[in-house]
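Annotated in TrEMBL:
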type	residues	note
ACT_SITE	SER234	active site, nucleophile
ACT_SITE	HIS299	active site
DOMAIN	166-315	domain 'Peptidase S54 rhomboid'
TRANSMEM	120-139	transmembrane segment
TRANSMEM	170-191	transmembrane segment
TRANSMEM	203-223	transmembrane segment
TRANSMEM	235-254	transmembrane segment
TRANSMEM	261-283	transmembrane segment
TRANSMEM	295-314	transmembrane segment
TRANSMEM	326-347	transmembrane segment
Amino acid sequence: QLDPENTGFIGVETFASLVHSHELPLDPAKLDMLVALAQGNDEGQVCYQELVDLISSKRSSSFKRAIANGQRALPRDVLLDETGLGFYKRFVRYVAYEILPCEMDRRWYFYQHRTCPPPVFMAAVTLTQIIVFLCYGARLNKWVLQTYHPEYMKSPLVYHPGHRARAWRFLTYMFMHVGLEQLGFNALLQLMIGVPLEMVHGILRISFLYLAGVLAGSLTVSITDMRAPLVGGSGGVYALCSAHLANVVMNWAGMRCPYKLLRMVLALVCMSSEVGRAVWLRFSPPLPASGPQPSFMAHLAGAIVGISMGLTILRSYEESLQDQCGWWVLLLSYGTFLLFAVFWNIFAYDLLGAQIP
């Protein structure tokens, strides 16, 4: 009767009046969560299947713990019209709306968020990158396009095809940067996107995603651009950014960040411009150089890692990754790529007779 067109949805006001008029024995905590679900879509409707899943506790979400513990019932207006919050709490609320697409998850994150542990990984990586850049800038007295200084490319941190046996270089290249432009771009994105992601999803997931993008970047360069060195943390940065943007697109209706279309366009323009700049530096360097310039393939490899593996991580807020079949498929695919890349680096250079500068 309430859904004559059999859409599976009814208005939240109709549902609330139904609950009160018939005195349905529904857990108040579950009722709050169902209302939050309705507030999470544009039409303000209650989904029948969500009602069934919530009552039967089949919903695999962060709120399953709240359902099991009646003492953790959430205030209905915890995110919508609460006033008088301090600066940090307002920032946490901002992060919740920026990162999470579901109203239930946003409320739960805001409710249970603690300052410990702080988002130290992205901050530590960014600080280290800045310190390394300043040290080399002061030592070489060259602050823009440092890669054109011969001593810069001799750093033990740079990935270079001639030093593939030094395995740490496949990761440590993320601390070196082409110049002030690349450092500024990466540092800005790591702080603006990486820190909020780490606040919501935790240090383990975000550090794994970032390092997976970094490692995939260097290994991809060793396969597709065998003569080129590599510097910069773009592999990890693009893994984070592409995962976040893909998550926004996949949950467009549920995202509550302001001006999301404009910000999406600006982000894509900036990321595309950075890739274009890297391609230009690789093939048309502005100054004569003694050897190949750093590759741009790490950007693309990081983006692929973010869209595949990263999207799975970000869509699984407060859920166990090990319970998801898709996660294991992606992990197996990534492991297969790593194994192939290792054998490629051991045998392919000699078999193909690659001329390493």
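Here, residue 1 is simply the first one shown, and the rest follow in order.
Any Cβ shown, glycine's included, is placed from N, Cα and C.
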Please give the sequence-distant neighbours of the transmembrane segment (203-223): residues at least 6 beyond its ends with Cβ less than 8 Å from one of its Cβ atoms. 117, 119-122, 125, 159, 161, 164, 169-171, 173-174, 194, 197, 230, 233-240, 243, 295, 297-302, 304-306, 309-310, 313, 321, 334, 337-338, 341, 344-345, 348
How many Å separate the Cα atoms of the residue listed as 'active site, nucleophile' and HIS299 (active site)? 6
I'm a bit unsure how to read this: which one of 170-191, 261-283, 326-347 has the highest number of Cβ pairs shorter than 8 Å with the transmembrane segment (120-139)? 170-191
For the transmembrane segment (295-314), which recorded stretch in the set 170-191, 261-283, 326-347 gives the largest number of Cβ pairs separated by under 8 Å? 261-283
Contact call for the transmembrane segment (261-283) against the transmembrane segment (326-347), three or more Cβ pairs under 8 Å: no
Are there residues at least 6 beyond the ends of the transmembrane segment (326-347) whose Cβ is under 8 Å from a Cβ of it, and what are they? 164, 212, 215-216, 219-220, 222-223, 305, 308-309, 312, 316
For the domain 'Peptidase S54 rhomboid' (166-315), what does DSSP give as the number of helix, strand and coil residues? 110 helix, 1 strand, 39 coil
The domain 'Peptidase S54 rhomboid' (166-315): mean pLDDT? 89
